[in-house]
Amino acid sequence: MNDINRTDQNDNIRQNKATTFEIGFKTRQDKQKGRESILIKLLSAIPSLVETKQYIGVLICGLTLWGTSWFLFKDAVLPGSYIFNMSGVVIAGYCFGHALERFTTINPVVGMTFMGALYRNLGPTNFLENSTANSIDFHLRRIYPVIILTKGPLSWNWEYIKNNPVKVFSLATLPWIIECLSTAFLAHILLNYQWKWGLHLGAILSSVSPALIVPTVVALKERGLGTKHEIALLVGNAGGLDTAFTEGIFGVTNSAIFYEASLTYKIIKGLLAIFVGICLGIAWGVLCDVIPDHNDLYAPTVRSLLIFGGGMLVTYAGGYLGWGGTSGVAIMVCAGVAATRWSRRGWPINDNPVSEVYKLLWRIFEPMLFTLSGYFLDVSQLNTKEFCLIIGCIISALFLRMLTAFLVGLANNLSIKESVFVSVTWIPKAIVEISIELRRCRLHHHFTIQVR
């Protein structure tokens, strides 16, 4: 019996040793595979030959433009000048943002905004003190909304909206209203803002960013996720209408605050601004469908220019006349109407020549918008108390927005997981209103509102 027990013990020892050996070997294999996977990811992130040639081409174009600008502006574009520094920050933001996207899953606009804020707080000079650089930034902020607000509605699916009006409009408006009102209330209580400034701040912060969320939900749709309740269509269309709703309310509050007029005129203008914008947008959208002929070889080019030219005209005219809410609504309605009418003639929604033009324009102006907007993130004048109060105000209102979006999803028969996903997609914020407000504040010298 003792011999048998010794034999069993020896077998157990051998088994334990074998098992230990196998686990150690497997662990080393896993570590090796982990290193190999990291190496593969790094190698896959290296630009291909085609991409390298593309980058070189863009670099050469930039150098030729810079060389040409010297003959026009002389010393104003030399290294160390305000315009040179401004251009350098934009280029650095573009490179850092897309490098961040290539090596991580972070959207490039995060890197662009961070680079602008980093230069503002650590850089040697404020290039916006120069009148020429300041004027360039001011007029760029007239162009950004035209491109952004045109690009989004080109992907609106009106058939889906007509078939699901309650679901789309409730998700587009209810979370917006809750966040706007809660922001106004918290800003009044915590920051001593007047109610008009609180509502204005709420209108700025409440808009969702379709430019960030739509690519994400489309990518998930291509993987077969969220197809049962068409989450991609719901988020895309509700996000677009959320932006349109923001443009109207933001423009009305903006005009009411910054333009001197009688109370009666402000009320009438506020009631008519959105209606006038819708009418102008429909008329211009129909025009962009009728002219030129759909079979014209240059129809995509002419239609792109018509939409852009009309958008620029109504933006400058609305700003000059003080009808700020009209321009944004008109641009979005125009693009939506035109895209819908084109789809009936064989141009797919969000996959037509005009949408490709605006995707390219967005690619060009995106680093300018986010980097130069990040440049305004100056925290040097804030103390710890003010910073914490501001963050608390924003996060609290955002939480209420997410909770509302979650409840709206449940009320519209979405599952708990889908409702959570929709509420999370409602976090990214649009930058159009911030861009316009920065321009407006600099124009009227309303740089700060004191926190007491």
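Cβ atoms here come from the backbone N, Cα and C positions, even for glycine.
Taken from TrEMBL, the feature domain 'Cation/H+ exchanger transmembrane' covers 94-434.
Annotated transmembrane segment per TrEMBL: 55-73 (among others), in sequence order.
Per TrEMBL, the feature transmembrane segment maps to 79-97 (among others). Counting only same-chain residues 6+ beyond the ends of the transmembrane segment (79-97), those with a CB under 8 A from a CB of the stretch are 62, 66, 73, 108-116, 119, 123, 125, 127, 129-130, 132-133, 136-137, 367-368, 370-372, 374-375.
Annotation source TrEMBL lists transmembrane segment at 168-191 (among others).
Sequence annotations record features per position, and here TrEMBL assigns transmembrane segment to 197-220 (among others).
Summarising the annotation, TrEMBL assigns transmembrane segment to 267-286 (among others).
Taking Cβ pairs closer than 8 Å, the transmembrane segment (306-339) reaches residues 142-143, 145-147, 149-156, 158, 240, 243-244, 247-252, 254-255, 258-259, 261, 269-270, 273-274, 276-278, 280-282, 284-289, 291, 347, 349-350, 352, 354-355, 432, 436 in its own chain, all 6 or more past its ends. Residues annotated as transmembrane segment in TrEMBL: 306-339 (among others).
TrEMBL lists 360-377 (among others) with the feature transmembrane segment.
What TrEMBL lists as transmembrane segment is 389-411 (among others).
Note: the stretches the transmembrane segment (168-191) and the transmembrane segment (55-73) are not in contact (fewer than 3 CB pairs below 8 A, sequence gap of 6 or more). For the transmembrane segment (389-411), same-chain residues at least 6 beyond its ends with a Cβ under 8 Å from one of its own Cβ atoms are 170-171, 174-176, 178-179, 182-183, 186-187, 190-191, 202, 205-206, 382, 418-420, 422-424, 426-427, 451.
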